[in-house]
Amino acid sequence: MEDEAVLDRGASFLKHVCDEEEVEGHHTIYIGVHVPKSYRRRRRHKRKAGHKEKKEKERISENYSDKSDVENADESSSSILKPLISPAAERIRFILGEEDDSPAPPQLFTELDELLAVDGQEMEWKETARWIKFEEKVEQGGERWSKPHVATLSLHSLFELRTCMEKGSIMLDREASSLPQLVEMIADHQIETGLLKPDLKDKVTYTLLRKHRHQTKKSNLRSLADIGKTVSSASRMFSNPDNGSPAMTHRNLTSSSLNDISDKPEKDQLKNKFMKKLPRDAEASNVLVGEVDFLDTPFIAFVRLQQAVMLGALTEVPVPTRFLFILLGPKGKAKSYHEIGRAIATLMSDEVFHDIAYKAKDRHDLIAGIDEFLDEVIVLPPGEWDPAIRIEPPKSLPSSDKRKNMYSGGENVQMNGDTPHDGGHGGGGHGDCEELQRTGRFCGGLIKDIKRKAPFFASDFYDALNIQALSAILFIYLATVTNAITFGGLLGDATDNMQGVLESFLGTAVSGAIFCLFAGQPLTILSSTGPVLVFERLLFNFSKDHSFDYLEFRLWIGLWSAFMCLILVATDASFLVQYFTRFTEEGFSSLISFIFIYDAFKKMIKLADYYPINSDFRVGYNTHFSCACLPPDPVNLSVSNDTTLAPEDLPTVSSTDMYHNATFDWAYLSKKECVKFGGKLVGNNCDFVPDITLMSFILFLGTYTSSMAMKKFKTSRYFPTTARKLISDFAIILSILIFCVIDALVGVDTPKLIVPSEFKPTSPHRGWFVPPFGGNPWWVCLAAAIPALLVTILIFMDQQITAVIVNRKEHKLKKGAGYHLDLFWVAILMVVCSFMALPWYVAATVISIAHIDSLKMETETSAPGEQPKFLGVREQRVTGTLVFILTGLSVFMAPILKFIPMPVLYGVFLYMGVASLNGVQFMDRLKLLLMPLKHQPDFIYLRHVPLRRVHLFTSLQVLCLALLWILKSTVAAIIFPVMILALVAVRKGMDYLFSQHDLSFLDDVIPEKDKKKKEDEKKKKKKKGSLDSDNDDSDCPYSEKVPSIKIPMDITEQQPFLSDNKPLDRERSSTFLERHTSC
């Protein structure tokens, strides 16, 4: 909707007359609510219909007359059934649409207190229910709160509440400092307006100032002195004629009531743990309902204070009160009063009405808020649902932004995580991203990245001052160390130890620390990748075959590749990232996740091959299984027992000593030592090592299962919230520690983490600096540009796709991205690593996602029954920097790290692979292939896209993923980045296979399509002129229809509860239904 008011076209422009058949043919009638005069004053200056407006009217009339009679009939009927804008919506549009610099209204805590007799005698206000988001009731006999549940209201109570707002006292922005002063003000206002008899003021005041008993309070034992002083009930005192004058009665009773009233919160309030569920700036809304015997007509008041005031023990928790709703009525209708109290309390917990209550100017604004609530309310048939059944709060609440934006003229709601829904078409995935806009200037994007990130540089350090950062450091450190060791070992095998584990550690530490300190997105974790390893292997073999110096050749390739990356930075080539839609991103990230999962199981299977299980072992036949080490020559080498060496002496014994200078008992040798010194292993059990494989799999699967379970422990029902959050944050670290202890207690010799203990190059044939000349012919320096082009594509694709995944809008990053700055530092670090003969590093997808997951922030306070809301990610540079510094220091922590079993770290790899697949739409669609239709979840794209089209899209994605996997597993893996680039071309071809409507829900729309669509919208807006935006989506021409709300017919036939207990008098009991009937 537009923010501007709808132009008054005049009643004669197009008038709809209600037909008798239309009225009689429906079971509901349509009631028009007159727009208050204040609505007219809100409008801007009147404009006479000029030439342009007349032209519009003629054009609309022509369009309308061109349609067939059937279409006109359909439009006529639809205009009756569904008006464009209801009067409530019009008014709320002005209330919520006003530009106001004041902060958003605070969270409300709503409490329902009812006037009840305690022990059958004394009347007190007893808390019976409370709301923040959901309703909690005080159980009848359990003296406990119920579980939070969705409040189910009767439709009749909502209409009675609406009548209460029409008939009762509405007091807005009043000032009061205490509850007695507030009650006095309400009673005086009722008397002034003729709603309360003056002689009833004392009784009403006494009743409203009775003691409030909350669920947190236990029954207090009254002393003997108090028993004689307290009054048995309010009705007994007021029915006694000897009590003296009304003034004296008021003084006495008020003073006795004030004994329990204080402006300061009580100790029980301050100790209430429920305060943890409320934000610091929360305010209270108190609802007081009850029945008394001295009133003939209901006493109704709705009060909004100018400033929230602490009213003592009025509220369960020590928060100031802003709203007060009072309903006292005659005896016999306690249930009706209770339901009305629940209705106003539920309305105050509704986000839209909550805002209206704060901004309302008069009674009509509040009534419009109720009408808007009625427009959105859903009615359940009485015979198909039991109201006593409590509806569990949903896991994800529907956002109220759609309702608010509709009235405030906000942006369209978003779907698919980041794609705005515009009539079925989404906006391009990254096309509207400021960081990816091409500047057209030399290094324009890089300069903008630096200017964007510079103001946040200081906050990137102090934002890490949280216990969550410690958990992230330990988790990512262990993942990085494991990855560095694994990659270093493979790289050593591929390059004949020209680059090994130590180079991997040093390169990871230097590159990662510098990148996290100065890059545009410090949440990205640098690591070595599979395609880089394949390139290193091919390059080493090529250099070996052609007698080239491998490290010098690699140096020039790195320099050329870094130069090309800098050219890409200078020309803003990162704008091409906007063509990486969800299809490309999910294909790449899913592939990397599957690689992590595959490698974890592959390493465990390799471990099982190295430590095989003896499947032929039979219990009770232990004597059949043996293994002995025999000397290579059957000569007696161990005759003398005097010189027999113990196992601890082995390190000092050489092979020559064993054969010539000392006698030796070969039975003390281990399997490895026996083979090393040339002995022979004899026996049928020599190939088997008991328990190691089994124990390794227990550690592997136990670490994974424990990590997953403890990560989800935050939503568990056990332990307090703080403990659950702490366990969830440290889930991976706790899992590693638990299974390290189990491994140590069991004592099985499982393979452990091996870290280099000396700081020196792995190969003795190289140093820490590679000279650029002298090892190869001069033309090799120029020829290196050809393979460097392939490396540049590899670096650019790996880096930018990971950066796009990290910077997705669903992560709610607030400090912006830095695509150009990131690539700049990757190029600089590539130069450094090339000169030092260290591996090249690029953004690692899975570890980066794990880093983000470990730093996700949620609301500290959430209403009972409400899931914590995701606030964003803790954006800072400290965690990544410390992770890589610790990685560099790992050489000196070898004595500690050697106790960590490798199967435990493989379990962490498995966890990272599986966890990074959570929330990926591709995985959700993959599960749909195996699900019957009736069991499929209610995904938004399933509502708008045919299932066969969804399956076709998923099948194409699976096919592309399978081709990438096959390519990765062959020698052609070096062109893997090129094939990732081919995914963009495949996605482009899908525009001819799928409609833009389908792609807007299943994927992101490619920027050109989005750009054209936006240009078309601009043209439409220019043509439409000042017509209301709702008419753009409607088939009906503009008309000034009478808006209406639908009311069931049986409501008009019921006696309003506000009337006296007399026979039905239609003239006296006329409600807003009869006063505002439009037809």
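Cβ atoms here come from the backbone N, Cα and C positions, even for glycine.
The compositional bias 'Basic and acidic residues' annotation in Swiss-Prot covers 53-70 (among others).
Sequence annotations record features per position, and here Swiss-Prot assigns compositional bias 'Polar residues' to 251-260.
The feature compositional bias 'Basic and acidic residues' is assigned by Swiss-Prot to 1062-1079 (among others).
Annotated intramembrane segment per Swiss-Prot: 961-986, in sequence order, evidence recorded as similarity to another entry.
Summarising the annotation, Swiss-Prot assigns phosphotyrosine to Tyr30.
Marked as phosphoserine by Swiss-Prot: Ser65 (among others).
Look at Swiss-Prot and you will find Ser223 (among others) tagged as phosphoserine, backed by similarity to another entry.
Feature annotation from Swiss-Prot assigns phosphoserine to Ser232 (among others); the stated evidence is similarity to another entry.
The annotation phosphoserine is assigned in Swiss-Prot to Ser233 (among others) on the grounds of similarity to another entry.
Among the features that Swiss-Prot reports, phosphoserine is placed at Ser245 (among others).
Feature annotation from Swiss-Prot assigns phosphothreonine to Thr254 (among others); the stated evidence is a large-scale study or a structure entry.
Residues or ranges marked as phosphoserine in Swiss-Prot: Ser257 (among others).
Annotation source Swiss-Prot lists phosphoserine at Ser1029 (among others).
As annotated by Swiss-Prot, phosphoserine applies to Ser1034 (among others).
The phosphoserine feature in Swiss-Prot is assigned to Ser1044 (among others).
The phosphoserine annotation in Swiss-Prot covers Ser1069 (among others), and the record cites a large-scale study or a structure entry as its basis.
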Whether the transmembrane segment (502-520) meets the transmembrane segment (838-855): three or more C-beta pairs under 8 angstroms = yes
What stretch, picked from 522-542, 726-745, 878-894, has the most CB pairs under 8 A with the transmembrane segment (551-571)?
-> 522-542
Three-state composition of the topological domain 'Extracellular' (746-779), taking helix and strand from DSSP | 3 helix, 1 strand, 30 coil
Most Cβ pairs under 8 Å to the transmembrane segment (726-745), of 467-491, 586-609, 780-807, 838-855, 902-918, goes to 467-491
Reduced to three DSSP states, the topological domain 'Cytoplasmic' (919-960) has 30 helix, 0 strand, 12 coil
Summary of DSSP states over the topological domain 'Extracellular' (543-550), given as helix, strand and coil counts = 4 helix, 0 strand, 4 coil
Looking at the stretches 467-491, 586-609, 780-807, 838-855, which one shares the most CB pairs under 8 Å with the transmembrane segment (878-894)?
-> 467-491
Intrachain neighbours beyond the topological domain 'Cytoplasmic' (808-819), with Cβ under 8 angstroms and 6 or more residues off its ends = 417-418, 433-436, 445, 449, 452-453, 456, 459-460, 519-521, 523, 574, 577, 585, 800, 852, 870-873, 875
Can you name the far-off residues of the same chain, 6+ from the ends of the topological domain 'Cytoplasmic' (711-725), with a Cβ under 8 Å from a Cβ of it?
-> 276, 731-732, 867-868, 915
Looking only at residues six or more beyond either end of the topological domain 'Extracellular' (492-501), which have a C-beta under 8 A from one in the stretch?
-> 484-485, 533, 536-537, 540, 550-551, 755-756, 761-763, 765-766, 837-839
Where does the mean pLDDT land for the topological domain 'Cytoplasmic' (808-819)?
-> 82
